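Below you'll find the structure, written out as structure tokens, and then a few comments.
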Amino acid sequence: MNRPLIVASLPVTSPGDISRVKDIDADLVELRLDYSREFPRPQDLLPYRDRILVTLRDREEGGQGNFTDNFKETFLNELMKLGILYDVEASFLSRRRVQFREKVVSAHYFHRLPSREEVDCLFSTYREAFTVKIAVSNLPGYREILSYISTKPGSTFMPMSPDPLERLAISLLGSRLLYTYVDSPTATGQLHYLEAKRILNCLF
């Protein structure tokens, strides 16, 4: 059983929020820039490059963002040039050219579960990613498909379940990342990062 990396999700509403990264004791801090009212410049993130995961989550994927494809493609490509880790949706990659090697490629299933064939295709297409992250709603059969995803090397997987302990327990099947929150949950069922860290410290 491998310990997942703790990702502490931090909504960034203004560039000043970014300085909080240095005080958050997690493996990675996810900067949720889709909450931003005043967008930071990519260069502003450089001092925290080794500690952050940048996410611009579109509304259709469960986020707060309303970005044009051109803006998002340009911003992510700037992050790539600076060597900053980011999350990019598989749905976005299907229509735009963005580097995904050693990045997080994500897919979210709100109203249905993916088939095994879809899962296989995601991991084959994005095999060079740092991790392929799949989140599924707790529909009938969700535990079975999460168990299948857990067999994929380097995968990240989670249920959109209101039960934080189930989310944590499922991550112990071998998920590379465990998403948590800093101030308030950015997704259903997240634990506070310090609570997740306390539990994992007892187990590992």
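Any Cβ shown, glycine's included, is placed from N, Cα and C.
Together with S9, E30, L31, R32, R167, T186, Q190, Swiss-Prot lists one candidate of R57, R59, R116, R127 for binding 3-dehydroquinate, that being R57.
Spacing of H108 (active site, proton donor/acceptor) relative to L31 (3-dehydroquinate binding site) is 18 Å (Cα to Cα, whole number). Following the DSSP three-state reduction, the secondary structure of L31 (3-dehydroquinate binding site) is strand. It is 14 Å from the Cα atom of R167 (3-dehydroquinate binding site) to that of K133 (active site, schiff-base intermediate with substrate).
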